[in-house]
Amino acid sequence: MLNLFLIQALNGVQLGILLFLVAAGLTLIFGVMDLINLAHGALYMIGAYLAATLTAATGSFGLGLLLALPATLAFGLALEVLVVRHLYGRDHLDQVLATFGLILILNEGVRIVWGAAPMSVPVPDALSGSVHLVGTLHYPLYRVAIIAAGLATALGLHLLVNHTRLGMRLRAGASNGPMVAALGVDIRRLFLVVFGLGAMLAGFAGAMVAPILSVDPGMGDSVLILTFVVIVIGGVGSVRGAFVAGLLVGLADQLGRTFGPILLRSVMDASAASQTGRTLAPMLIYILMAAVLFFRPSGLFPARGSR
Amino acid sequence: MTTPLLSVRNLRKSYGALKVTDDVSLDVASGELHAIIGPNGAGKTTLIHQLSGSLPSDSGTVHLAGEDVTPLSMVARVRRGLARSFQITSILDGFSVLENVALAVQARSDSSFRFFRPSAGETALNAEAMTALDRVGLADRAGRRAGSLSHGEKRQLELAVALATNARLLLLDEPLAGTGPEESAILVGLMRALKATHTIVLIEHDMDAVFALADRMSVLVYGRVIASGAPDTVRSDPAVRAAYLGEEEAA
Amino acid sequence: MSTLVARISAEPPRRRAALSGTALAGLVLAALAALPLAAEAAGLPFLVVTATRMMIFGLAALSLDLVLGYGAMVSFGHAAFIGLGAYAVGILDAHGIRDLAVQAPAAAVTCALFALVTGAISLRTRGVYFIMITLAFGQMAYFFMVSLAAYGGDDGLPLSGRSTLFGMRLIEGDPALFYLVLAVLAVALLALRRVVASRFGRVLRGSRDNAVRMQAIGFSPLPYRLTAYVIAGAIAGLAGVLLANQAEFVSPAYMSWQRSGELIVMVVLGGMGTLVGPVVGAAALIALEEVLAHYSDHWRLGLGVMLVAVVLLSRGGLAGLAAKIGRRA
């Protein structure tokens, strides 16, 4: 039981870390640019596909991953220049429609280029196998690597946001955008950098999960919604909020799926408990979101009031 | 002495170290036009927000006809007879002039959870709205789109909307802002007529208008009331001359 | 002055436009009523099925317009109500309750309750928060149905047949269902026209245009917005009831978030805050889907390009473009 709990907790942390990577960029895009970008999940998908293709081409996952990062960055920058840039300052409804259109284009484009069948990427040899944790508990080495890489990225982001000039502008932009523009910061470049950074982080997350999930055209959509939940809980514009909320959502989801039915067994019979638990578990994070919103309408770490 | 219609005690509001209103106390008797003047940044608009309930105060109390309305929202205060106009014209541009006013009548007459009867055809609402429009001299504009009115007419419409709420107390936030001399003369005439039926708190920069209309006035400087009384008393108050008129001359 | 009142109340500003609109609506209604016969005569019975589908989504888009067009609430979870309405039919059917007289009220009440709870939470926020939260609640309903294994889960749930109406098998045929859908749509359209012109509708519109002004005259927008959200949810639930009957099948796919996005597209393309516009928008989008799907499996690419292009090329946004076209027409 304890082993199961630890495994699921680690899975939760791993999911949380991935959600954080996708959410960190998106929360800044919301916060700094006041842009609702539905196509962010598609960048995660693009990252996964690029990593899969480049891994196959180079024969090395490490090299594939390394090449996928600048490729997703370039893709994100191109997207910003071609489409997203023209949406700043527009009505939220326009942003919803245009980025919804982008999702359709990107999902369909991926189907055309890579086909509708899922792609798989082998776990790199160096990271296959598992690590011994405590007692009889083993955990796949690759997943440990994901957690480690995610935490390292989170630390890097923390330093970037809190201890650099760019980070200062980001924080200022998230709390008061027009003021930053008035102070003469090149807002166009700032926005481009934020969007590119966000795209690369999402692509990084997509590339890292490629070996453990199937890479398919709808993969960005489910992540997008989870990311929204993370951002809403954490507070729009807050990278710290995205980190805390990402872990919270990841843990709630993974632990809920396993332990929901077990807990319910104490109040109902086993088959009903497993049935009810399986039905309710996927809803848990949304209930969590509703509860947080009820008490804190602008999330746990609001960068500015909800509007 | 009878209970003042509006009684403000020790009202404060700070943003960080900046005290925007600082221990403001004032009484407005029923039927009085009480002007609040002061240089830019003296906290006049913040005070109006605190009185109307759109901004919570840090401390202090606001009583309306003896009732403590301090914890109440703007909506609840409007229902108790405290209406405000806005410094920046705030009307429903897409609605007709009549509908702008009729909505204010609707707000206080029965429920608005009625789903099928066309509201534009409710004669009772429209008649009351017309009365208010008539008082501000806009009756002939009733069918026009509010957004198509001239600036001065929009200010008149603001007054009509405030009247239509059946307010006992009107908080007028710079009703003359941005108006030309002719428009301003119309509005001053209007306010003079309103004095007969309403208690008014008037915030205004136009000193001619203020001294022509006010029964009493308070001078707000850096969030503090430095003088309060009849216009002549205030005019000759040395502190006011130093702080306010002095600045006017300097400017 | 009293004569002035009489004249104004007898002649609301947009009466003439409303009149010609009514005449046009009557004409369209008459043409639609003749459609099944004409389609039969022309040997194109599938047209009836397509037209029914258009009207069902028209009903859903119409209800979304109350929220989006009249309430300025960008709700991204509207398809959830269609799905819940459809599942009300599916689940009742699985338990042998096949009559619309039970199914339709059950669907409307379920959707109204879901709207009440999720709306009360979502409407505490505005802007991007509201969009994300409605989307998340929509997904919550989606995942609930996906994991509801007892009723088909991911695979969906076939109905035992179309619903009965007061015990009679009235909508077995496609033309009969077509007329039922047409009647429901017409009634909903007329009812919502009255609602938006009513006291309630006036407060809703006023709150959309200037919420602070409304508060300053004594209205709190929230209860009105929430009521509109609940009404819209219930109507979308009815659309779900009809959709389930047409397909004789219910599936979580009805409530996917792409569907919600398409509903928004229908409303905006057709013209927000016009009621009739979104119905036309729904018909247009479904027609476009059918045409594009005919040429390519990748028709969504075309739709996406169109959406991006329209938003980027229209300076006042899609709404502005729609208004521009409307003015020219």
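Cβ coordinates come from backbone N, Cα and C, glycine included.
A TrEMBL annotation is a machine prediction, not a hand-curated record.
Per TrEMBL, the feature transmembrane segment maps to C:51-72 (among others). Only residues 6 or more beyond the boundaries of the transmembrane segment (C:51-72), in the same chain, are considered here, and those with a CB under 8 A from a CB of the stretch are 32, 35, 39, 78-79, 81-82, 174, 177-178, 181-182, 184-185, 188-189, 192, 195-196, 201, 204-205, 207-208, 224-225, 228-229, 231-236, 238-240, 242-243, 246, 263-264, 266-268, 270, 272-275, 277-283, 285-287.
Per TrEMBL, transmembrane segment is recorded for C:79-97 (among others).
If you look up TrEMBL, you'll see C:103-121 (among others) marked as transmembrane segment. Cβ atoms under 8 Å from those of the transmembrane segment (C:103-121) belong to residues 77, 80-81, 84-86, 88-89, 92-93, 97, 133-134, 137, 141, 163, 225-226, 229-238, 240-241 of the same chain, restricted to positions at least 6 beyond its ends.
Taken from TrEMBL, the feature transmembrane segment covers C:128-151 (among others). Sequence-distant neighbours of the transmembrane segment (C:128-151) (same chain, 6+ residues past either end, Cβ-Cβ under 8 Å): 73-80, 83-84, 87, 90-91, 94, 114, 118, 121-122, 157, 252, 255-257, 260.
Taken from TrEMBL, the feature transmembrane segment applies to C:176-196 (among others).
Tertiary proximity for the transmembrane segment (C:222-243) is limited to same-chain residues at least six positions away from its ends with a CB under 8 Å from its CB atoms, namely 52-53, 56-57, 59-60, 62-64, 66-67, 70-71, 73, 75, 78, 81-89, 100, 103-104, 107-112, 114-116, 119-120, 123, 163, 177, 180-181, 184, 188, 192, 195, 200, 203-204, 207, 254. Annotation source TrEMBL lists transmembrane segment at C:222-243 (among others).
The transmembrane segment annotation in TrEMBL covers C:263-288 (among others).
Marked as transmembrane segment by TrEMBL: C:300-323 (among others).
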